[in-house]
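Undergrad: Here it is, the structure, as structure tokens.
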Amino acid sequence: MMMKWIISILTMSIMPVLTYSSSIFRFHSEDIELCYGNLYFDRIYNNVVNIKYIPEHIPYRYNFINRTFSVDELDDNVFFTHGYFLKHKYGCSLNPSLIVSLSGNLKYNDIQCSVNVSCLIKNLATSTSTILTSKHKTYSLYRSMCIAIIGYDSIIWYKYINDRYNDIYDFTAICMLIASTLIVIIYVFKKIKMNS
């Protein structure tokens, strides 16, 4: 009987920490999917290029608020930035809760194009940022068109330290874990003392 109580109290004490960490991981993994997709590059004339980026997957819980796209060209190098501003579908705020910025450069000649891409995801709901980077990847140019399948070589994920709401939540979860552990230890010692 005592073992059941110990297991149930320990389970209840660990649940807030597990729930919090799994929700961060879920947000983190779904947000990263916005950085994967296909980049279409088409050189229409000598000095006119057309770039289009289509993400593979858009998480169902976000609505697009706005997007920006800028392209600069210097000789055979094209620099582009594609920004998404998304809002949580069920949130009450009108402000964006997710900002995704895909930027990179594309170098081309008559037979191939080389793409170097980085993606920054800033999740304002979880106060986390993710940076994905790729090295130069080469693709064949077919009829002045190049289709680049975007993949990444490194992923860096970090959480903001100065966010007050997440710090309060972290502190509450840790206090609950410590308090419930102390309750279990005191209960076990009292039971042992009574039995001896």
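Note: Cβ is positioned from N, Cα and C throughout, glycine not excepted.
Below are the features I grabbed from Swiss-Prot:
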type: SIGNAL; residues: 1-21; note: signal peptide
type: TOPO_DOM; residues: 22-167; note: topological domain 'Extracellular'
type: CARBOHYD; residues: ASN66; note: N-linked glycosylation site
type: CARBOHYD; residues: ASN116; note: N-linked glycosylation site
type: TRANSMEM; residues: 168-188; note: transmembrane segment
type: TOPO_DOM; residues: 189-196; note: topological domain 'Cytoplasmic'
Undergrad: Taking DSSP as the reference, which of helix, strand or coil describes ASN116 (N-linked glycosylation site)?
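TA: DSSP assigns ASN116 (N-linked glycosylation site) to strand.
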Undergrad: Taking every residue in the topological domain 'Extracellular' (22-167), what is their average pLDDT?
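TA: Taking every residue in the topological domain 'Extracellular' (22-167) and averaging pLDDT yields 77.
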Undergrad: Compile a sequence-ordered list of residues in the same chain as ASN66 (N-linked glycosylation site), six or more apart from it, whose Cβ lies below 8 A from its Cβ; state 'none' when nothing qualifies.
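TA: Expected: PHE85, PRO96.
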Undergrad: Counting across all protein chains shown, how many other Cβ atoms sit within 10 Å of the Cβ of ASN116 (N-linked glycosylation site)?
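TA: A count of 14.
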Undergrad: With DSSP helix as H/G/I and strand as E/B, how many residues of the topological domain 'Cytoplasmic' (189-196) fall in helix, strand and coil?
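TA: For the topological domain 'Cytoplasmic' (189-196), the helix, strand and coil counts are 7 helix, 0 strand, 1 coil.
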Undergrad: Which residue counts does DSSP give the topological domain 'Extracellular' (22-167) for helix, strand and coil?
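TA: Reading the DSSP string over the topological domain 'Extracellular' (22-167) gives 18 helix, 85 strand, 43 coil.
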